[in-house]
Amino acid sequence: MAVCARLLEWIFFFYFFSHIPITLLVDLQAVLPPSLYPQELLDLMKWYTVAFKDHLMANPPPWFKSFVYCEAILQLPFFPVAAYAFFKGGCKWIRIPAIVYSAHVATTVIAIIGHILFGEFPKSDVIAPLTQKDRLTLVSIYAPYLLVPVLLLLTMLFSPRYRQEEKRKRK
């Protein structure tokens, strides 16, 4: 059981550690001026949006931008803290912040995936997932950002490794 718990902690560590450059170099391109990024990163984003038909990153609507602002303001500062906690392992103090984080992220990614699967996209949009295959391919890009937070939430809620033991007062 301890090996399984430690494996999960390593998964969470790599998730949070890798999320720092992904957020800074990729995700924030949706809200920051292009002048802040080198041309190679702008070209990479253009290739990605065309190849995977990600209209949310190509032409982000206001609701999606609000999610990216939350990622920048609320989540990004949490990434190194969480990476440290899971690298170290067994840090009970990460439980409540991880529950808040995972519930928040799962909620936003469910909205994104729902939009991708069920949204109506005008045929005039050059970049949009118009076929079922396009939609499922794009969902597969976003899915890990739902699955790992849900796994984190379940771990924090049900793993005895992270439960705080209550101190009872003697009478």
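Note that Cβ sites are derived from N, Cα and C of the backbone, with glycine treated the same way.
Remember, it's a predicted structure, so these values are computed and weren't measured experimentally.
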In Swiss-Prot, Val3 and Gly119 sharing a membrane side: no
Cβ neighbours within the same chain of Tyr145 (site 'Important for 20(S)-OHC binding and stereoselectivity') - under 8 Å, at least six residues apart: Val105, Val109
Chain-internal residues, separated by at least six, CB under 8 A from Asp54 (site 'Likely important for receptor folding'): Tyr48, Ile127, Pro129, Leu138, Ile141
Mean of pLDDT values spanning the motif 'ER retention motif' (167-171): 61
Residue numbers, six or more beyond the limits of the topological domain 'Cytoplasmic' (1-6), whose CB comes under 8 Å of its CB atoms: 89, 159, 161
Tally of DSSP helical, extended and coil residues in the topological domain 'Lumenal' (28-66): 28 helix, 0 strand, 11 coil
